[in-house]
Amino acid sequence: MATWNNLDTLASYKKLAGLKNHVDIKEAMSGENGATRVAKYSAPMAEGLSFNYAAKQVDDTVLAALAELAEESQLADKFEELYNGAVINTGEKRLVLHHLARRQLGKDVVVDGVNKRDFYVSQQQKAADFANKVHAGEITNAAGEKFTTVVQIGIGGSDLGPRALYIALENWAKENGVAKMEAKFISNVDPDDAAAVLKSTDLAHALFIVVSKSGTTLETLTNEAFVKDALTKAGLNPANHMLAVTSETSPLAKSDDYLEAFFMDDFIGGRYSSSSAVGGVVLSLAFGPEIFARILNGAAEEDKLAANKNILENPDMLDALIGVYERNVQEYPSTAVLPYSQALSRFPAHLQQCDMESNGKSVNRFGEPVNYVTGPTIFGEPGTNGQHSFYQLLHQGTDIVPLQFVGFKNSQIGMDVVIEDSTSQQKLCANVAAQIVAFACGKKDENLNKNFEGGRPSSIIIGEQLTPESLGALLAHFENKIMFQGFLWNVNSFDQEGVQLGKILAKRVLAHDTDGALKSYSDLLNI
Ligand SMILES: O=P(O)(O)OC[C@H]1O[C@](O)(CO)[C@@H](O)[C@@H]1O
């Protein structure tokens with residue numbers, strides 16, 4: 001059994017802390033040194049991706065210290081315990097099994113006589129059969145006509161991951177002839193969200209999936225009622241159009257109001273649930289079950305790498321360790337995720353939840369306060385758009401923000417044009433290469449307003465093309481990185497008590513049970 005200790009009690013961490021500012025990234029990345037580093041500091045990921053960390057503040061000395069930290073904090077052992085079914089989610093006393101939804105990495109995990117791998121596979125199969133029947137016109141609306149649109153109703157983990165994955169493959173699927181149904185998403189309790197989606201949807205030919213692991217989320221239940229009302233007003237029977245994805249213990253699971261229900265369980269956290277029925281039903285309907293299976297395969301291949309004890313061959317662990325070095329030793333408060341791929345436009349939003357809801361903690365996994373900083377603020381936008389927005393601060397602001405670029409050699413659609421001797425894809429890639437060097441090396445200017453200090457670290461994940469497999473690998477990479485960082489900070493990355501207080505106060509406002517500031521704000525907002 002691995003032992004769980006606070007980061008600041010580890011000898012290897014104290015050694016690492018002595019390496020603050022050990023690498024001058026400006027100097028390291030300038031001239032031929034830079035070229036050597038770009039070739040040297042790269043780790044293969046699954047599905048043809050690679051993690052290049054040449055422009056991070058590491059060298060062989062820092063990497064050796066990170067390897068010692070990985071060893072002393074038993075990162076590989078903890079991952080092994082996790083995928084073999086240990087109660088890693090100490091706050092809720094639950095197993096953490098999202099990897100098992102992709103592939104079995106270790107032993108059989110059996111809970112109350114149920115083999116959990118079999119359970120996840122059975123739900124995938126159920127979703128696949130259902131999707132195939134919808135596509136074949138065997139499951140239709142009351143008029144016997146095919147469904148053409150699927151609308152997911154969910155919020156947080158029941159929205160962000162599946163939505164990001166759908167958007168990531170929407171154009172790829174059209175180009176590759178596997179686009180089966182258009183998918184749309186309703187998440188916000190803002191009535192304009194549901195109204196806008198409903199107004200642009202042919203209700204008679206739409207399936208709606210109510211996705212809520214708990215089955216109690218106010219926004220989702222409100223939007224479900226909103227949609228049912230619209231269906232009824234259109235003369236349609238909601239029971240012919242509504243599906244549910246929920247845990248077997250939730251109130252939704254007991255309802256007969258759905259055409260079909262698909263299940264997950266409490267061992268897959270909402271923000272890690274894209275690999276479960278939460279992502280599986282909508283993506284199987286949108287693209288076909290084979291494409292969803294390809295995403296899972298890509299993720300499973302990356303998970304396999306995450307089990308490697310050698311940090312130089314484990315890009316997920318290495319990325320996590322570098323992130324902790326940047327957060328705790330270099331004291332950088334945030335991290336930007338910058339995909340140079342329009343298809344990944346919602347990926348940073350998904351990672352915001354995944355990372356900040358997991359590691360935004362002030363107590364360790366035993367409920368005791370920690371004396372060091374934990375998860376950074378995560379934000380991001382696709383390049384090159386971000387360059388014309390917030391990169392000013394990243395280049396010349398007073399905070400140093402570590403950057404995580406993602407880039408692909410080829411576009412998804414392949415439609416392109418040569419303007420002034422280069423394609424748009426080449427321009428996109430040229431920009432990401434330029435940014436890495438600009439951030440690292442800067443540029444001296446006598447006019448301080450035009451001076452670039454440099455010394456701003458970044459990494460890049462490079463792939464051939466964004467496909468179901470590489471998307472799955474990318475998803476797993478970040479999930480695993482966040483998991484390893486949680487291990488290093490000794491926090492429980494799998495609960496989210498910090499979201500509860502706001503929910504309780506909102507209920508009080510709606511029940512007019514307020515006083516003090518809560519009453520004043522309620523009055524100001526006319527509630
Ligand atoms: O799937 P559910 O249970 O509706 O929860 C939605 C989201 O709400 C949260 O619980 C936060 O309030 C997230 O952790 C979760 O992803």
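Keep in mind that glycine also has a Cβ here, set from the backbone N, Cα and C atoms.
All annotation found in TrEMBL is predicted automatically rather than curated by experts.
Sequence-distant contacts (6 or more apart, same chain, Cβ under 8 Å) of Glu357 (active site, proton donor) comprise Gly156, Arg271, Gln496, Gly498, Val499. The feature active site, proton donor is assigned by TrEMBL to Glu357.
For His388 (active site), applying a Cβ distance below 8 Å and a minimum sequence separation of six or more within one chain yields no residues. Residues or ranges marked as active site in TrEMBL: His388 (among others).
Every protein chain considered, the tally of other Cβ atoms within 10 Å of the Cβ of Lys503 (active site) stands at 11. Among the features that TrEMBL reports, active site is placed at Lys503 (among others).
Secondary structure at Lys503 (active site), as computed by DSSP, is helix. Under the DSSP three-state reduction, His388 (active site) is assigned to helix. According to DSSP, Glu357 (active site, proton donor) sits within a helical segment.
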